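Annotation comment: TrEMBL describes CYS105, HIS147, HIS151 as Fe cation binding site. Annotated active site per TrEMBL: GLU148, in sequence order.
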Amino acid sequence: MILPIVAYGDPVLKKKGKEITKEYPNFNDLLDNMFETMYNACGVGLAAPQIGLPIRLFLVDTTPFSEDEDLTDEEQNTLKGFKRVFINAKITKEEGDAWAFNEGCLSIPDVREDVFRQPKITIEYVDENFKSHTETFEGLIARVIQHEYDHIEGVLFTDKLSSLKKRLIKGRLTNISKGKIQVDYRMRFPDQKKKR
Ligand SMILES: [Zn+2]
């Protein structure tokens with residue numbers, strides 16, 4: 001089932017997510033629905049707050065990035081089929097010189113800005129079977145994980161922009177929260193006026 005994606009301005013996007021256990025109600029259905037919702041919107045990641053749940057859960061599938069012809073074969077192969085579920089994740093280390101990448105977000109349609117992040121991360125998490133992992137990721141995979149991880153910490157990429165950039169996009173963000181935007185997937189807008 002495709003779930004509506006929560007738009008910029010909804011307070012759930014500002015909440016720090018809570019840890020979950022195996023007993024979380026209808027967990028397998030939730031995962032299926034989140035993957036379906038992410039693929040339907042052509043996203044490479046989706047975090048639970050984006051569907052209205054303030055819990056520490058996000059998904060990543062970087063396959064769409066593997067089609068970028070500027071990448072080496074090796075980079076393409078790494079990105080292709082990188083599909084993971086991250087539960088109760090904790091980034092324990094970020095390393096290297098910050099690099100810029102033009103990020104977007106399914107909750108903030110049509111806004112794309114360069115965001116600086118460190119290139120290498122170490123993350124502890126449990127997978128969909130609640131098995132524990134500690135792994136290191138680099139490059140675009142690390143980038144997507146960092147973006148989704150921010151969601152479960154209540155942080156959006158627009159929070160990381162300079163105050164000048166924030167001022168420049170303020171009007172567009174207000175329009176998004178009011179639903180004054182064309183978008184080809186299902187969304188829920190916090191400040192949309194009820195139609196009579
Ligand atoms: Zn996002």
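Yeah, the Cβs are placed from backbone N, Cα and C, and that goes for glycine too.
Automatic, uncurated: that is what TrEMBL annotation is.
Structure with TrEMBL features highlighted.
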residue	record	Cβ within 10 Å
CYS105	Fe cation binding site	23
HIS147	Fe cation binding site	24
GLU148	active site	25
HIS151	Fe cation binding site	24
Using the Cβ centroid of CYS105, HIS147, HIS151 as the reference point for the Fe cation site, which residues of the same chain not in that list have Cβ within 8 Å?
GLY45, ALA47, GLN50, GLU103, LEU106, SER107, GLU148, ASP150, LEU156, PHE157
Local backbone state of CYS105 (Fe cation binding site), from DSSP in three classes:
coil
CYS105 (Fe cation binding site) versus GLU148 (active site) - Cα distance in angstrom:
9
